[in-house]
């Protein structure tokens with residue numbers, strides 16, 4: 001018996017004393033798929049064009065070794081997934097096409113993503129998708145689907161339609177439902193006079209996109225709101241209220257991004273209410289630092305509260321958990337590993353709570369037991385369960401994964417040269 005296994009057996013007994021079955025927790029963890037986002041790997045560049053980022057998005061940093069091709073990106077992704085327990089999904093944006101053809105966003109077809117599907121099959125992964133409504137010449141005056149010019153709207157409507165066909169292709173080929181998430185940056189920098197008309201245009205554009213029947217067995221649509229962005233500080237067309245109304249009346253998933261609300265708001269407090277009314281939920285787990293900064297996810301209070309809400313209320317079955325952060329100041333493979341493993345840790349920690357005992361205490365008004373038990377749980381040997389889970393999934397335990405990443409950085413990343421005059425420091 002290894003030391004890891006021995007510690008697990010001891011921890012198993014400890015948790016059994018409070019009616020927690022660690023074996024059942026490990027089985028549940030095996031069913032949790034995290035949708036890891038591709039754009040951390042290349043600073044949201046993609047392979048459609050060399051245009052700079054726009055749409056209120058910024059990436060800072062110039063850490064060496066950034067992926068410059070789909071092949072390099074997949075190489076980095078394979079390294080990251082090899083250090084993360086379980087089988088998961090990869091979340092693609094439309095700008096991550098892999099083709100020799102020169103095509104625009106309104107011309108994309110499933111064939112332009114065939115290499116990704118082949119790779120996903122080889123690695124036992126699912127794929128999710130996102131139409132890309134930013135960093136493009138047709139992103140005009142801060143608007144896309146809500147632009148007053150019908151020609152601009154038509155371009156983006158066609159892109160939205162094609163994205164749904166691509167997502168359906170992913171689901172059909174891989175046997176896993178592909179979530180297709182819609183986020184548009186449309187908005188005004190300064191105070192508008194007319195807040196209603198742009199929202200009418202956005203609603204009409206979305207209705208046109210979704211007019212085509214797509215098999216929900218293969219793909220489902222999600223709608224993502226945002227409080228503000230760079231260049232849309234005063235008004236965002238796709239607000240939380242807009243997409244709550246739209247999603248609930250059109251049977252779409254509602255996407256909650258941890259950084260897309262006021263700094264004093266938390267999405268953990270929204271999950272229970274939304275679960276009562278919606279078809280389902282998509283989460284973009286992120287870490288906002290004073291604004292939607294998309295820092296790498298850490299094991300902070302809000303991440304743990306999100307996990308508790310999902311587990312305590314049995315919401316994992318109707319919630320798709322995705323990540324959304326990008327940091328070019330650190331090793332990009334390490335960023336993926338840290339963020340994904342932390343999200344898994346938070347979910348496991350929530351599963352190791354005696355939820356039924358706590359709910360019963362709360363129901364009868366025994367708040368003393370509720371407080372005492374939740375506090376004592378903080379000293380329980382959660383790490384021993386996590387380490388055993390990693391051991392059983394044949395991935396590094398503790399900081400051992402960092403040694404792998406550092407070796408990868410020494411051997412692989414130096415072979416990648418930045419184009420002359422370019423770096424990874426991008427602002428918009």
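Even glycines carry a Cβ here, placed using N, Cα and C.
Swiss-Prot names 292, 294 for binding Mn(2+). Of 240, 260, 394, the residue it gives for the same site is 260. Ranking the binding-site residues 292, 294 by how many other Cβ atoms lie within 10 angstroms of each Cβ puts 292 at the bottom. Taking the mean position of the Cβ atoms of 260, 292, 294 as the Mn(2+) site, the remaining same-chain residues with a Cβ inside 8 Å of that point are 226, 257, 258, 259, 284, 286, 288, 291, 293, 324. Counting Cβ atoms from all protein chains shown, residue 260 (Mn(2+) binding site) has 25 others lying within 10 Å of its own Cβ.
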